[in-house]
Amino acid sequence: MSILWSLPSRLVVLSCIWSLCLAQFEYLGYPPGYPEPVEDQYTAPQIPADVPRIQLRLAGEKRKHNEGRLEVLYEGEWGTVCDDDFNIHAAQVVCRELGYSEAVSWAPSAKYGKGDGRIWFDNVHCTGKEKTLAQCESNGIGVSDCKHSEDVGVVCSDKRIPGFRFLSPLNNNVDSLNIQVEDVRIRPILASYRKRIPVTEGYVEVKDGGKWKQICDEEWSPMNTRVICGMFGFPGEKRYNARVYKMFARRRTPSYWDYLVNCTGNEAHLSSCKLGHSLMAKGNSSCGQGIPVVVSCVAGRAFAPTPMAGYRKAFRQEQPLVRLRGGGVVGEGRVEVLKNGEWGTICDDHWNLVSATVVCRELGFGTAKEALSGGQLGQGMGPVHMNEVQCSGFEKSVTECQFNMDKDSEGCSHEEDAGVRCNVPAMGFQQRLRLSGGRNPFEGRVEVLVERNGSLVWGTVCSEGWGTMEAMVVCRQLGLGFASNAFQETWYWPGAVSADAVVMSGVRCAGTEMSLSHCLHHGDHLSCPKGGARHAAGVSCSETAPDLVLNPQVVEQTTYIEDRPMFMLQCAYEENCLASTSSSTPANSYRRLLRFSSQIHNNGQSDFRPKASRDSWVWHDCHRHYHSMEIFTHYDLLSLNGSKVAEGHKASFCLEDSECDEGIEKKYECANFGEQGITVGCWDTYRHDIDCQWVDITDVKPGDYTFQIVINPNYEVAESDYTNNVVKCKSRYDGHRIWMYNCHIGGSIGGETEETFPGLLNNQVTHR
C-alpha cells in the first residue's frame, strides 16, 4: 500500500494511511503463528489529459478524520465547493477520490465551518461514476455566485479502499517529482530500546518507494515530535542523548528522505502536517550538518515500556478530574469530568478533535482518532458540567479549556454526551489471542499463544469458573468491544485439533485487564479435570452493550416501613425473602419490612436480556410467574463500618419495559410468557408493593445505617459499565420510622465526597 505525494508549492498536505502505522512493529520479529499483513493491489484510475488536475481534502471543525468541509487545491490555491445541487453522487466521487470506499452523507450550509479563498466549484452534477470531481459537470472552475456560508461538507465511511494510493500527478517546482510515502514508523536504534514494548524512542522513518528513509533533523521542531508521539499513542515527549545518536549516524550513512516536515503540534496525525523545504531544492539530497530525526516519547502509566512481565497490568485512571466510561476498548469512552465533587458529562456542542486530543493526552494516551457526539458510547447521569468546549490543544486538562460558563447544561441533555477514541500504543496483545471455529469474527473458542519447551504453541483455556469478566477481557484484547456471552462448552465450535490442549487454567479477571495473560491464573501448573477441546472456554463479543442504572431519587422518595403479618408472607418465605429468624416466627406475629420502589433504566447501546433462554426459566408456583434470572438485585442494610445487618434480594421474575422515553416503543412484556428484557431508552419499575421488594428489618436495632442496592450483582449479563450498578443511601431508623436521604449512584461523586455525603440530591437519571 502506498500514498503518492505531490508538491505544487513548498507547502502541501502530507498524507498517510493511518491503519498502516501499526507496521512500525514489524521489525520486532513477532513469533511464528502471528498473522502476516496482506498487501492489496490497487490500480489507479486513468484520468484524461484534458481534465483539470485537482487535490481534495476534508477540513474544518470535524469530529472524525473521514469527515469535514470539502476543499479543493487547484493551481496552488485551496478553495471550497458550494452546496448548490450537490448530492450523494458527488459525495461518492469525492470519497473515492480521497481513498474511502464510499460516502455516508453530505452536509450543506458550512456545517464544518466557513472556508476561505476561492469557491472552486458550484452547481456540481455528478453521476457517481466519475474518477475525479473535476470530471463532474459544473459552472466551471472558479465560476460561482456562492458565499462561504454555503460551503459543502462530506462524511465518508471509515473503510479505506484496499491498496489505495493518493494520486496527484500535479506538476510542482521540484522537477515534476511524484513523492510516495507508504508508511511511517519509529525504529529503535539503541540496544536498550529494541526489545521494549511499546517502542518509545528511535528514528522517525518514512517508507518511500519501498525503502525506509530517515528524515533530516535540520528544521525538526518539538511540535513535530509532539505529533509523532501522539499518533503512536503517547501523551508526551522527552529529551534524549543526542551524542549517542550522532555517533551512530557517523558509523552508518543514513538514507535521507527528500523532504522536511512542518507541524504546528496540534495535528492528530502526521498526515495533517505540511511539508517543509525540499533537500533537493538546496542542491543536494544529504542532510548537511544534521543527523536523522530522533523522537523519544513518554508512555502513559498504563503502558510503561518495561520488560513484558513487569509493566502495569490493569489500566488505571491517571487523573482524578477526568475519566472515560462506557467504551469497549482501552482509550475510548464517554468523557466525564469531576466538578464540585460530582461527576458529570460534556455536551457535544463544538466538540472536535482538538478538544478530544486534550482529553486523550490527559489520560495517558496519544492524540484522538475520533471525537464522538450524540451519546454514542451510552448516556451519562447527573449534571452536564461543560458546554461549547473550545481547547487550544495545549492544555494539561480539558477542565482548563474555555467553555460556556453561563449555561453549562442549558439546552443539553445526555443525548448529546461527548466521547473520544484515542490512539493507544501498539502492545502486541492482539496477536497473542484468537477466536477459533466461530461463525463470524466476533465469536469462537478462546485460544492463546504460549511458550512451551522453547517454542510457541496455540492452546485452549480451561472453562472451569469462566465467566463474563474473563470474556470481557478477551473481547477487549481483540478489539471486538464487549462480551455478550461467556461459554463453558465449545463443542459446536471445532477449532484446530493441534490447539485442543489446555495451556491456561484457573483464570480469574477483575475485568480491567488489557490482556488475558494479566488475569490471575495457574501459571505452569495447570489444573483442568475436564480438559480443553469441547470443554474449552469460549466467548461471543458485541460492539454494543446494555447499561443498567437505578434511579436513586425514586428509592429515596418511596421508602417506608410496613409491619406485615407472617401468614400473609408465605410465598415470600418460600422464596427466601425474609430474614432467617422468620422460620421460628408464629403465623400471627408480624415482620417489619423496609419497602421501596426501584426504577431501573437501560442507558446503554443495546437491550438488556436475561442470560437464560426462555426454555430454562423457572416457574414459581406460589407467585405464579417465571424467573428469568434467579438473582437480579441485592438489597443490603449496612452498619456504618460496612458490616451487613439485614439483606434482601430480588429475583427477576419479570423484566419488562414499564415505561419508555418519548419516541421509543416498548418491546418486552411478561404477560402470557412474553419475552423479557429492558429496551434501550426504557425502564423497568419494581413497585414498593410487590412481594420481596423489601428488606426484612425486624431484628435491626435503631441507629444510622447505609442502604445499598446492587443490580446484576453476579455479572450474569454483560454491561458496558458496572460502576453505576450500585446505589447508596444514608439511612436513620428510630425504631418506629425510617429516613432515607443522600441517595446517589456509586461512582457518581468524587472519593472525598463519597465519605462525607454532602447532600447531593441531583443525581437523577435524566430522560434520553
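Backbone N, Cα and C define each Cβ position, glycine as well.
If you go by TrEMBL, Cys95 shares a disulfide bond with Cys156, out of Cys21, Cys146, Cys156.
Checking the candidates Cys509, Cys528 against TrEMBL, the cysteine paired with Cys519 through a disulfide bond is Cys509. Reported as a whole number, the C-alpha separation between Cys136 (disulfide bond) and Cys82 (disulfide bond) equals 14 Å. Cys509 (disulfide bond) sits 42 Å from Cys273 (disulfide bond), taking the C-alpha atoms as the reference points. Of the candidate disulfide-bonded residues, Cys263, Cys273, Cys401, Cys519, the one lying closest to Cys156 (disulfide bond) when CA atoms are compared is Cys273.
When the Cα of Cys95 (disulfide bond) is compared against those of the disulfide-bonded residues Cys273, Cys401, Cys519, the shortest separation belongs to Cys273. Cys126 (disulfide bond) sits 35 Å from Cys263 (disulfide bond), taking the C-alpha atoms as the reference points. Computed over the domain 'SRCR' (433-542), the whole-number mean pLDDT of the model equals 90. In the structure shown, across all protein chains, Cys82 is the one of the disulfide-bonded residues Cys82, Cys136, Cys519 with the greatest number of other Cβ atoms within 10 Å.
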